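Following: one structure in C-alpha cells, then a few remarks.
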Amino acid sequence: MERPKIGDEENCVLKGDNSSSIATSGNVIYGSSGGSTTLTSGVIDQPPANGTCATLVKIYGYECQELEVVTDDGYILSVQRIPEGRVGTRGNGDKKRQPVLIQHGVLVDGMTWLQNQPEQNLPTILADQGFDVWISNTRGTKFSSRHASLQPSQQEFWNWSWDELAKFDLPALFDYVYNETRQKIHYVGHSQGTLAAMVALSEGLLVEKIKSAALLSPVAYLKTTRSLLTVICREASIANLFGDSAFDPKTQLLPFLNLGNTLCAASGTNCYELLTPITGPNCCLNGSTYHLFANNQPQPTAMKNVRHFGQAIRNGFLAKYDYGSSEANMQRYGKAKPPVYNLSNIPSDLPLFLSYGLRDGLSDVQDVNLLLDILKPHHDADKLTTQYIKEYAHMDFIFGVNAKDIVYNQSEGFKVCFRE
C-alpha cells in the first residue's frame, strides 16, 4: 500500500481488497491488510479535552484546530492552528492570511507560548494582527508521542536527535502548512527550534517554502553556555545515568522537582526562580502562571538528543550525530567523522531576525556572536537584523510579560521579518 504524500489535501484512501481491517484514531488511519500502514495528516476528529486548543486558546474566544502531521519517519506530531483573531480584533479584513509556524525549544512543548493572557502571548498576538498561526510540538512531547509502528516504551522510538528534527519534523510541518495555505511561511523558533531551522536551511531544506525566520534565544554554538542542563549534556558519565531512551525530568528527576516546588511555595518567592540554574535569571515572568507551567512542563526528549547537544558543546562546532566509532560513522555517513553543518549555506536573501539576552544561560552572548560571525559575511546586510536585550534570559522571550512590547511589537527587526 502506498503512503500518501505528507500534507496531501485529499482525504486518505486505503487501497486494497474488502478484507482490509481498519482502525482510526482522530484523522490518523491505520490499515492492517498485508501488514501495511497508511497514515495521513489532518484535523483530529475528536480533539483531546485537555489539549492546547481546549485549555489555552478557545477559552479566550479564538477558533483553534487540533491537527496531526506525520513525518516521513513515522512520528505523529501535534499541531494547533489559530486561523484568525478574536471577533472584533480580526486584522487583515478579507485579505488572505499569511501563515506563521511557531516552534518551541527543548524540554517544553507548544503550550509554553500560551502561558499568559492573549494580549501577551505571541500566537494570539499574531492571530489578532491578521496572521494564520500554527503551533508545532516536537516528537516525544506529551501530544506528539505517537508513531506509525513504535511505542514510547520502545528504545527505538527515542532513536533521534536534532538531526531528525531538521530532516523530518520541520519539512513535514512546512509541507503541510504550505499545502493548506499555498503561501510561503513565516517561522518563529525558540532555542532548539532555532537550531533545527538553521540546520535544515543549511542543508537546503525548507528554502522553497519559508518567507522569513525569527530566531529567539538562538542556539547553535555552545562553547560558553552556563546552564546546568549543559552539564548533563556535556558530561557523558552523567548522561549515561539516564539510559538510552527518553530523558524525562518529570519522572527521572521527580524528587528534585517536588522538593523545589515545596521550598518555593513555602518561601513565597516567584517559583520561576527555580529555572535560573538552567535558563539564567529571567526578569519578567508572571509568578501567578507558574502552576500552569509546572503542570505541563518539563517535557521528555530523547537521550540521543541530549548526547548530540553534548557533542556540540565539547566540539565547539555543529556536526551530525557522532556514533562513536569510525566504523559506525562510515556505515551511516560514508566517512569516519560526521559531516559538519555549514550555517553560511543559509540563503543569503532570507530575512532573518535574531534576538538574544545578556542573562540567557543557554543562548550565551559569546556563542551568539560566534554564530553572527558565521552568518554576517555571507548574508545580505539588509536581510539580517539582531536585537540584544540586557535584561532578558532564556524564557523571557516566550512568556515574559513585556515580550510583546520589547520583542514582538516594538522590535523593528521583528516587524521587518513579518512585513508582507
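For all residues, glycine too, the Cβ spot is worked out from N, Cα and C.
In TrEMBL, annotation is done automatically, which means it is predicted and not curated.
Ser191 (active site, nucleophile) counts 26 other C-beta atoms within 10 Å of its own C-beta, drawing on all protein chains shown. The active site, nucleophile annotation in TrEMBL covers Ser191.
According to TrEMBL, the active site, charge relay system annotation covers Asp360 (among others). Counting every protein chain shown, the Cβ of Asp360 (active site, charge relay system) has 29 other Cβ atoms within 10 Å.
Summarising the annotation, TrEMBL assigns active site, charge relay system to His394 (among others). The Cβ of His394 (active site, charge relay system) lies under 8 Å from the Cβ of Ser191, Ser217, Ser227, Leu275, Ile278, Thr279, Gly280, Asn282, Gly357, Asp360, Gly361, Leu362, Ser363, each on the same chain and at least six residues away in sequence.
The feature domain 'Partial AB-hydrolase lipase' is assigned by TrEMBL to 54-116.
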DSSP tally for the domain 'Partial AB-hydrolase lipase' (54-116), helix/strand/coil in that order, comes to 12 helix, 19 strand, 32 coil
Whole-number mean pLDDT, the domain 'Partial AB-hydrolase lipase' (54-116), equals 91
